[in-house]
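Below is one structure; the comments refer to it alone.
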Amino acid sequence: MASSGLTILTLFLCCAAIDVASGLEVKIEPNVMEIKNYVGDDLILSCHVKKSKEEQDKFSLSWQVPFDKNVRVNISDILGTLILSVQDLHETDRGNYTCTLMSEHDPPLRTSVNVVVLPRGRVGYCSHDSFRCLNGECISSRYKCDGHADCTDASDELQADQC
């Protein structure tokens, strides 16, 4: 018995998803599986579509972030590339950032990058619930005196002063 069903093959390569049947590819830049930033840094990601010459379908891109969008998040479309920027990262901004391609005739294509937000930050970004290392770095207070040097100068584990 012959099958008349259409087989859809989607490949996921690092930070890209390819629908072989349609010739569409959605890609995130930087092209890595995980990004590590510090509290207070800015995050900038871009998502764009590569399509085969035969592909004429209309499509749209969207970003899904692991937290409620707020004033620190900006999404802009620059010549078909969807740019996501998050200002002043917080630890709660960590997680999967997913770019979705919606096409007229094909199922959605999704690709994502995991963003890790490290608790240490730059001088000037220490919050009230942070510990300032002797070298000026900031770490979450919960890492102070935990038996592991989280400050690059190990000042969060100095027994005489802190613990």
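The backbone N, Cα and C atoms fix where each Cβ goes, glycine too.
Candidates considered were C133, C138. The record in TrEMBL pairs C126 in a disulfide bond with C138.
Checking C145, C151 against TrEMBL, the residue bonded to C133 by a disulphide is C151. The helix, strand and coil residue counts that DSSP assigns across the domain 'Ig-like' (30-116) are 3 helix, 50 strand, 34 coil.
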